[in-house]
Amino acid sequence: IGDISNAEVSVFEVNIRFIGGLLAAYYLSGQEVFKLKAVQLAEKLLPAFNTPTGIPWAMVNLKSGVGRNWGWASAGSSILAEFGTLHMEFVHLTYLTGNPAYYQKVMHIRKLLAKMDRPNGLYPNYLNPRTGRWGQHHTSVGGLGDSFYEYLLKAWLMSDKTDTEARKAYDDAIEAIERHLIRKSNGGLTFIGEWKNGHLERKMGHLACFAGGMFALGADGSPDDKAGHYLQLGAEIAHTCHESYDRTVLKLGPEAFKFDSGLEAVAVRQNEKYYILRPEVIETYWYMWRFTHDPKYRQWGWEAAQAIDKYCRVSGGFSGVKDVYSSNPTYDDVQQSFFLAETLKYLYLLFSSDDLMPLESWVFNTEAHPLPVLHLGNITLPGSEPARR
């Protein structure tokens, strides 16, 4: 990586990739060095939380501790998926070190969000860390929003289902998502649109395809006997996302795809026709396989694996492709780190037995790094209630 001691880094990416990866390596190997490095790195991120609201900056300089936000983000805002995707790792940091600072930082974010007014019950993607007000009222279950919802559910799962506050927030959020963002296309495909400027854009990103797996994972424990409903919803989203792959020449899905004017589950704009080795569709296949054991999920996963091998393999590894609708695609010449961390891992898990990383014992962070369920017994982290045994 070179000398990153003076680098400006993304708080979110360092957390999910490096800290999450180091924590998982520690839990899987028992080697203290991984825990030590995770904690050293986490300490370097803490200055990012020195804002008027406690909502962290998107970026922090590892040497100076100075933070700032992305220039392109709405009105100097922090991004929901970024400050909302710290909880799992930070709770584990407090658990392993006994230092309450990590836990307090993420619980403060949760409390602040719980107090805020939500337009239509939806969480906007932008929040200003100086004023504590929402930026533009855009809502997405794809990029900018995605893993915030995932971590509400996973906070509950990781707490051995004692963190009922997180579960309630998840249930309320997906109820609003289902009411305002989820639609069925004319061709019968269930999709998750994006709320922008007061209307629903009938477009779904590859990133949003993770939500099929999330709905399945959250089905057990959902209110009003709706477990079957959410498992079904997960299956419908898995089907839609498979169609986005199947309707291309390469059998690999585009970055984003639309549902209007007869064209369904296909990318319309050239700059949305690329595939960069993303894992979300395969992630959903794996969760659906674990919960239903319907063989089609393994079949669909195998189709994707073969397509990746055929069209993305290059002499030095694997590359993204610029147009999944072209029979002689050009490479982007990048092997994303999530290809190894997630895409191949979820494929491997899809073809492994259920007793490899059982979901009762492990919760995967948003970069597919497994963290154990915390059976805290008598230790109660604030915001949760003691386990009923």
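Count begins at 1; order follows the chain as displayed.
Keep in mind that glycine also has a Cβ here, set from the backbone N, Cα and C atoms.
So that you can see what the record holds, here are the features copied from TrEMBL:
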type: ACT_SITE; residues: Glu13; note: active site, proton donor
type: ACT_SITE; residues: Asp146; note: active site
type: DISULFID; residues: Cys209-Cys241; note: disulfide bond
type: ACT_SITE; residues: Glu255; note: active site, proton donor
type: ACT_SITE; residues: Glu280; note: active site
type: BINDING; residues: Thr366; note: Ca(2+) binding site
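In this structure, the C-alpha atom of Cys209 (disulfide bond) lies 20 angstrom from that of Glu13 (active site, proton donor). Distance between Cα atoms for Thr366 (Ca(2+) binding site) and Asp146 (active site): 9 Å, as a whole number. Glu280 (active site) is 11 Å away from Asp146 (active site) when you measure Cα to Cα. For Cys241 (disulfide bond) paired with Glu13 (active site, proton donor), the C-alpha to C-alpha distance reads 25 Å. Separation of the C-alpha atoms of Glu13 (active site, proton donor) and Glu280 (active site): 17 Å, rounded to the nearest whole number. A distance of 11 Å separates the Cα atom of Glu255 (active site, proton donor) from that of Glu280 (active site). In this structure, of the disulfide-bonded residues Cys209, Cys241, the smallest number of CB atoms within 10 A of the CB marks Cys241.
Sequence-distant contacts (6 or more apart, same chain, Cβ under 8 Å) of Glu280 (active site) comprise His206, Leu207, Ala208, Cys209, Phe210, Cys241. Within 10 Å of the C-beta atom of Thr366 (Ca(2+) binding site) sit 24 other C-beta atoms, taking all shown protein chains into account.
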